Amino acid sequence: MKTFLFLFAVLFFLDPAKNAFFDEKCSRVNGRCTASCLKNEELVALCQKNLKCCVTVQPCGKSKSNQSDEGSGHMGTWG
């Protein structure tokens, strides 16, 4: 009986720490915890209470951080 009470106490106190870990992981990737992801979002992690951590998918194409190859003299390979 003492073993059961000990295990119950350990699991009871570890549960909030585990849930905080999942929420922290989601905020690190700039996600949001929600019941379901939108069309332009992808599931990247799990949050507490069976919620999903969703992050907006970046659209394909040129981004501000990538430099254009125009004028660089680099010829891309085709095929």
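Don't overthink the numbers, they just go from 1 along the chain as shown.
Each Cβ is built from the backbone N, Cα and C atoms, and glycine gets one as well.
Here is what Swiss-Prot says about this protein:
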{"type": "SIGNAL", "residues": "1-20", "note": "signal peptide"}
{"type": "DISULFID", "residues": "Cys26-Cys53", "note": "disulfide bond"}
{"type": "DISULFID", "residues": "Cys33-Cys47", "note": "disulfide bond"}
{"type": "DISULFID", "residues": "Cys37-Cys54", "note": "disulfide bond"}
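Among the disulfide-bonded residues listed here, namely Cys26, Cys47, Cys53, Cys53 has its C-alpha nearest to that of Cys37 (disulfide bond).
Distance from the CA of Cys53 (disulfide bond) to the CA of Cys47 (disulfide bond) is 6 Å. A separation of roughly 5 Å, to the nearest angstrom, links the Cα atoms of Cys53 (disulfide bond) and Cys33 (disulfide bond). For the recorded site, Cys54 (disulfide bond), the DSSP three-state label reads strand. Counting other Cβ atoms within 10 Å of each Cβ, the disulfide-bonded residues Cys26, Cys33, Cys47, Cys53, Cys54 show the lowest value at Cys33.
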